[in-house]
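Asker: The structure follows.
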Amino acid sequence: MSSESKETNINVVVRVRPRNQKEIRENSPIVISTSGVKGKDLHVKANPSDPQSKTYSFDKVFGPDADQQMVYDEVVAPILEEVLMGYNCTIFAYGQTGTGKTHTMEGDLTSCAGKDAGIIPRTLYRLFDKLEKEDSEYSVRVSFLEIYNEELRDLLSPDDPTVPSVKLKIFEDMNRRGSNEVQGMEKILVNSAQDVITILQKGSNKRQTAATKMNEASSRSHCIFTITVHIKETTSDGEDLLKVGKLNLVDLAGSENVGRSGAEKGRAKEAGMINQSLLTLGRVINALVEKGLHIPYRESKLTRLLQDSLGGKTKTCIVAAVSPAKCNLEESLSTLDYAHRAKNIRNKPEVNQRMTKKALIREYETQIERLKMDLQATRDKNGVYLAAEVVPTELKIT
Ligand SMILES: Nc1ncnc2c1ncn2[C@@H]1O[C@H](COP(=O)(O)OP(=O)(O)OP(=O)(O)O)[C@@H](O)[C@H]1O
């Protein structure tokens with residue numbers, strides 16, 4: 001049962017944060033202003049004294065006084081409704097380091113709806129609230145993935161050194177052409193928003209710890225938090241069907257590593273830290289906007305994983321974060337240009353086909369087969385590994 005699919009432009013919103021302490025201390029003047037707390041226009045001046053300003057228009061623009069609740073209500077609440085109708089949706093946070101991507105996506109993770117709670121905790125809170133009010137069976141699964149140096153890392157995998165770590169691989173989702181999945185990644189079944197918050201905090205700490213160990217800022221990695229919802233529906237002839245909706249919340253690496261031309265620049269280049277995923281994301285956006293014949297999705301992990309969000313069947317929104325201060329003007333202009341170009345990408349959102357229970361079981365069986373093959377491969381590589389509880393007593397060495 002596939003709904004009509006209509007082409008729509010992807011949604012692009014901009015959030016301007018307040019000046020931070022450093023910018024205030026350095027007396028860096030405000031050169032980016034908005035028309036009120038929320039609007040559609042953003043005004044940029046090269047110098048605060050200039051009588052002329054350049055105006056950029058977006059689907060929505062939030063000024064420094066916009067709070068987390070407003071961003072959620074205006075941007076995310078309608079997207080959550082789409083997820084519950086059975087769409088796949090993606091929200092990207094894009095921008096220079098320190099402009100508020102993580103603040104917008106995660107914010108304060110200690111409570112679901114506190115003043116500083118960001119998109120992820122608020123979405124979970126609202127999601128469970130809605131599901132509990134609906135009188136239908138449902139399940140919610142979450143995954144949390146990091147891409148660093150083109151390596152995938154599962155931020156929710158158990159930290160048990162006795163369990164061999166599974167190499168994550170990307171494979172094509174057989175149920176949805178042009179959509180890719182990660183093999184071997186934890187998809188944790190969760191029962192409440194608080195459940196997820198606890199899991200998220202662990203994942204977020206894992207990211208921090210690794211970043212400190214490697215002496216790298218988390219600003220060089222991309223994080224994808226995915227919520228998958230299954231809701232049971234019963235047709236008039238009594239058949240049970242499952243409606244599936246998915247929401248990807250993506251906190252991208254700091255955009256300062258890649259220049260307006262899409263080339264690697266500055267520190268990143270000197271350190272040989274090619275952020276392949278960020279570079280490719282820019283190229284994919286350019287190719288889509290220019291309606292190129294070849295879209296280079298396969299050239300990075302990020303674009304492979306989110307292929308369907310860029311020119312595909314997913315509903316996509318980009319939140320571009322910028323600083324209002326003159327000292328960051330060059331980077332802010334680069335972000336605004338990027339976001340402006342991305343406005344021209346057209347997706348063809350399509351509701352996921354309802355699944356019969358039989359089809360879901362078949363999918364799980366395929367997954368089990370794949371996992372068995374993985375386990376076999378690990379055994380072949382590392383020697384025979386048997387968990388204590390499956391070793392028959394007569395084989396136990398005493
Ligand atoms: N709209 C805002 N209002 C108040 N404080 C903000 C806002 N946006 C960001 N901040 C604060 O600015 C600081 C930097 O923000 P944040 O860590 O979210 O940046 P980032 O873009 O994720 O950076 P990175 O790329 O390094 O991860 C944080 O202390 C955050 O709380």
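Cβ atoms here come from the backbone N, Cα and C positions, even for glycine.
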Asker: Which one of these stretches, 46-73, 186-213, 354-381, shows up in TrEMBL as coiled coil?
Answerer: 354-381
Asker: Does DSSP give K101 (ATP binding site) helix, strand or coil?
Answerer: helix
Asker: Going through the binding-site residues Q96, T97, G100, K101, T102 in sequence order, which have a CB under 6 Å from an atom of ligand 1?
Answerer: T97, G100, K101, T102
Asker: In three-state terms from DSSP, label G95 (ATP binding site) for me.
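Answerer: It is in a strand.
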Asker: Among the binding-site residues Q96, T97, T99, T102, point out the residue whose Cβ has the most other Cβ atoms within 10 Å, with all shown protein chains included in the count.
Answerer: T99
Asker: Have a look around G98 (ATP binding site) and count the other CB atoms within 10 A of its CB, chains all included.
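Answerer: There are 19 such Cβ atoms around G98 (ATP binding site).
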